[in-house]
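K.L.:
My structure is below; once you've seen it, I'll send some questions.
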Amino acid sequence: MAINSKTELPEDRLNFEALKSHHKSKAVASISKQQNPFDLLRILYEGAVSGAAAGVVVEAALYPIDTIKTRLQTVRGGGQIILKGLYSGLAGNLVGVLPASAIFIGVYEPAKRKLLDSFPENLSALAHLTAGAIGGAASSIVRVPTEVVKQRMQTSQFSSAPDAVRLIVAKEGFRGLYAGYGSFLLRDLPFDAIQFCLYEQLRMGYKLAAKRDLKDSENAMIGAFAGAITGAITTPLDVIKTRLMVQGSAKQYEGILHCVKTIAREEGASTLFKGIGPRVLWIGIGGSIFFGVLERTKKLVAAKQPVD
């Protein structure tokens, strides 16, 4: 008996159903991969709130160590540093740190998610490096003026943040608030990229080994290690940035390369590692507090969000 070409056999029917199921599952997977814009906004919001909280806590807690580091880096030759007024400029600095930290983490978290979705799993470190640099670049618009005012006050050039801003603009123009911008990016983009990459990679490895979510104390420990290592590596860049930012209208240094050559010629290459002790201590403890507070705040903020 001949079979009509349009007649459907049982096995054909099974193959058709399997094929239809396969295409349906692919379509669902494709839709799930597409990031909902509201998810990105939620991640941005959670990151901004968490970053602001972590940044303010660290700055307030460790400001005296940062002041000592700045004074060590700016004193020339065998000059003595002054240990008075270690909280000079803290209030004005917190006004800048809050939005700067919010911008950094608010940009970093969505960028990290996007890059991790785009890159192969074995390139997750590159995704974290790139996201850290992107976050640093975005927040530099606020961080640089904040840093300029802070360091001028730490070296007793001004008595208050409003006076500092007013006089810097009057003497050096608006560009004075962005003095050392190039050296800031030279220091902070590698710093942000390396610190966050180290932290994320160590955290991923620890979670895989422990087979559970990490405790706050464990996040803090990993943050301390990542901060201390990154702080030590980037000390010469920090010295250059500090010298360029505090020089004011005197213009002792004409740029990054001129600054390096002048320091090496007049004070010796070892000067580029001035303040490494306080810097490693400050960023190590700061990394512990920052990442501990960051992860805890992220959990608290996420818990208050409505469940879909």
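Just so you know, glycine gets a Cβ as well, placed from its N, Cα and C.
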K.L.:
With TrEMBL as the source, identify the stretch among 125-144, 165-184 annotated transmembrane segment.
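P.N.:
Based on what TrEMBL states, transmembrane segment spans 125-144.
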K.L.:
Against which stretches of its own chain does the transmembrane segment (125-144) lie, if we need a Cβ under 8 Å and a gap of at least six residues from its ends?
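P.N.:
Those are 96, 99-101, 103-105, 107-108, 111-112, 115-116, 118-119, 177-178, 180-181, 184-185, 188-197, 200-201, in sequence order.
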K.L.:
Treating G and I as helix alongside H, and B as strand alongside E, what does DSSP give for the repeat 'Solcar' (218-300) in helix, strand and coil?
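P.N.:
Each residue of the repeat 'Solcar' (218-300) counted once, the result is 72 helix, 0 strand, 11 coil.
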K.L.:
What are the DSSP helix, strand and coil residue counts for the repeat 'Solcar' (42-114)?
P.N.:
58 helix, 0 strand, 15 coil
